[in-house]
Structure formats: structure tokens, C-alpha cells
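Remarks on the structure that follows.
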């Protein structure tokens, strides 16, 4: 009888969440509901501001899609979290788990590649301003966006298909608030060798490539800005990059901490860091870009004046 139980694949998983203490559930529900509402509101405002004719530039084109992706990204994660905070049965079906993970990785990596596209936009604007209009044409921006979405969804699909080949038996408790690949691989009772190899090769390339593009862009920007003779010119150049650098640091710092480590060293504490790039980053992005950007502030004032 015991052997049968060990070879029977599970049909659902239990998401243990951030805390198992009953008294923590309602405060966590209020906290994440507030963060979710702020995220949706902030990013919708960015999308509304984008309708301003003066903001029809490549940078704001990418920013608007970053906001849209962030709304979808958090919606993939937070509503299920909120439901589990108030429910005794914190389960998710096998199909639901894989679906959540698919969109989690697809949208998360789309965010990553859009940030790389925005860095490239700043590189062309500062380092090659005379060719900016032709290089960052609307047609080219659309192609960059299509590439960002396509490669992210293909990457996600690959890992979901490989994960679907595994067998999960005996334990079905995931020490996380979402379906992530590392805690799921730990539950598998079949070999995860292929999955881990793909994560360390293809997964590493997909994760690091946009970061390298961002790093290259800003190294070139730094070299160009240093050559600007006036302090005012240097300040103007850096001011257009400050918001983007803040978002990149917050996003990639937390991602690298979680995923650039061996599967064996993955701990429950890593889920706290996961909150940074899943929920916190998406919530702060609109405010980081708005507070440090005069054009967005002007667009927000126009939007508010229309409502009055």
C-alpha cells in the first residue's frame, strides 16, 4: 500500500505561503491587497498618461508596455495569494500551478527584455543622437517588443514542458506563495537532471543576456557622459537614466539572488526576496518613473485637470 502511494502522481499542490500562523493571515491579506491596488492604479495612470501626444516617444512606448506587463504579472500571482490568506484549503491544481508558472516566467522575462530595450533607447539617445529618429523608429520599437514577448514565452514554454515530464508524488506541499521552479523541482520523485541542465544553460542565457545588454548600454553612456564638458550637460544626461537604473537594480538584484544559486541551497527565506521582483518592483515602477520625470509629471497634471 505504501509503495502505491509513493508512485501515484499528485493532482494538486499546497501553497504554504509566507506564514503558517493563523493570526498572520488577515494582516498579510490587507498588506498585499493594498500593494496590489496601488500597483494596478499606478500602472494604469502610466498607461493613461501615455495618451499625451508629447509622450509619443520610444521611451514612453516601452514604459507603457512595461506598465501593462506589470499589471498582468502581479495579477498572475497576487489574487491567488489573497485567496489563500483567507482560505483554510491553500491548494492549487496541477494544471493551475503550471499555468501560473508559465505566465509568471513569460511576463517576468518580458519585463526583463523591455528594460533592456529601454536601456538601448537611452544608449542611442545619448551616444548617437543624430541617428536616434531612424534607429528608434516606431517600426523598430514594435519589432523589439515582439522579440521580447516571443523569446520570453518560448523560454517559459520550454521549462513548463520539461516540468510536465516529471512525476510529483508523496509530498505536494510547496514552500512558497506561488508555483516556482526551484521548490517544485525539490518535490519531484524522478530525476531533475535535464531540468537543472536547461536552467543552468538556456535559462542562464535568457536571464543574463538582457542584463548584459543593459550593462553594455550604460557603460557606453557613462563613457559618453564623462566626455561632456559642462556639468549641466552631464546632469541632464544622467537624469534621463536615473529612474531606469533604479528599476533595473531593484529588479535584477532580487532575481539574481534567488536564481543564481544551486537548487540545493534554495531556502524558504528566498520567497521573501521573490516579493521584491514580483510585487514590490511592479508597485514602485510607476512612482520611480513619475517622481523623477518632468514629462510624466506634466502628463499627470494634464490627466488630473481633464478629470476636474
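Positions of Cβ are set from backbone N, Cα and C atoms, glycine also.
Of the candidate ranges 7-25, 83-101, 102-120, TrEMBL annotates residues 102-120 with the feature transmembrane segment.
The stretch with the most CB contacts under 8 Å to the transmembrane segment (28-49), chosen from 102-120, 140-162, 204-225, 237-260, 272-291, is 272-291.
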